[in-house]
Amino acid sequence: MKDGQPVDPLPVDNNWAVDGIRPAPSAHTIHHNAYGGILLKSLSKLLGRAVAPRSKSKPVRRLVVLQNASAYHQCLKELKKQGIRPIKKIRSLHAILCRVHPEADIATLKKHPLVKRIDHDRRIRLHRRRISSPLLAAAACAVSGRQTVPWGISRIQAPSLWGRTTGRSVRVAVLDTGIAPHPDLKVAGSFNTIGSGPVVDDNGHGTHVAGTIGALNNSIGVVGAAPRVKLYAVKAFDRNGSAYMSDIIEGIDWCIRNNIQVINMSFGDPTYSESLRDIIRQAYKKGIIMVASAGNDGPRNQDLNYPARFPETIAVAASDSRGRIASFSSRGAGVDIAAPGAEICSTYPGGTYAKLDGTSMAAPHVSGTAALLLRLHPGMTPKGFRSRIRRSALKLKGYSARSQGSGLLQAKKAAQG
């Protein structure tokens, strides 16, 4: 069982609370009561002092989550008056990302009645296994002039559904390193959480993931699980495959506000984040199917990474072409399904193709399947999708549910289930 269950309404987490704090005033109080005005000004002054340059202490990135929308908007106005520009503003969480000084300022901010919590802005890594050389990865995936159906796409039965559905117009976001221009890919839109410039895939991971989801059925290269899907490149990871938690949260926030139907999340971290959990819950309530890679820690670690460990996500383990669970695939009680994740040939920057391993490569097989099924069943919920793929999965002999979940993904059977 994953950590907890999806619930509604969202509970308020008190892990960051300090004994003796007064409850936050209502929105009405903040707008019309002098006490509310004093609180807002005091909060903005505290933030202003916390971000002010100092000679000795080194500032750290913290996500300041406010109690409600009123406090969030009014605090932003007060900060603007002081000439303070936050690093990020995340509307869905009522959160402001700032560089603050790790002395008494953070402790004082935590005690403020309008502050719900303060989260550490951690670094998160992709779930691709390390490759010795991009050139070797490309050489291992030599694609001739004719189109090839990758073994993983065939194994999950996706081609058998293309007479009925190709995932046409279903909106799938690849929350990753970006998607590079490629003759086998068509990108419908993009959003950059780590800069103001255009989205560029300077790593390759996002482009590879995108190809497994939706490489075009165009007689060249490879073909993805849902070749007519609408792909959206949401860049949160840098060229080194690293992202701040706030970048990921901002990316999910963008997906919520832009009617994305499926989010592929081929990354993870062992440390729980309440802010990440909050935004995942909000996306779930909006009906977004979220697919997350389980992790590449193998059997030595019996827990999944987050966000795969959250009950709102579909946690995906990796299998190989011989019908075995990949040795690197993480085990845990929260695994939902297994999908091909070893020696996966897909699109790569520079108009090339590469063969990569990882639960990162398994997750997009499930995301592509979600697009296929959403086209056939437009009202399908995240819960309904989970139920379909789990009850139709093929059990792999010799593996427990902690390794394979319900078994290997079978798209055709899931469509009928």
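Positions of Cβ are set from backbone N, Cα and C atoms, glycine also.
In the three-state DSSP classification, ASP176 (active site, charge relay system) falls within a strand. Sequence annotations record features per position, and here TrEMBL assigns active site, charge relay system to ASP176 (among others).
Around the Cβ of HIS205 (active site, charge relay system), 26 further Cβ atoms fall within 10 Å across all displayed protein chains. If you look up TrEMBL, you'll see HIS205 (among others) marked as active site, charge relay system.
Per TrEMBL, the feature active site, charge relay system maps to SER360 (among others). With a 10 A radius on its CB, SER360 (active site, charge relay system) counts 31 other CB atoms from all the protein chains.
Annotation source TrEMBL lists domain 'Peptidase S8/S53' at 167-407.
Note: the CA-CA distance between SER360 (active site, charge relay system) and HIS205 (active site, charge relay system) rounds to 9 Å.
Taking the Cβ of ASP176 (active site, charge relay system) as reference, residues of its chain lying under 8 Å away and at least six apart in sequence are, in sequence order, LEU126, HIS205, GLY206, VAL209, ALA210, ALA233, VAL234, LYS235, ALA236, PHE237, ASN264, SER266, PHE267.
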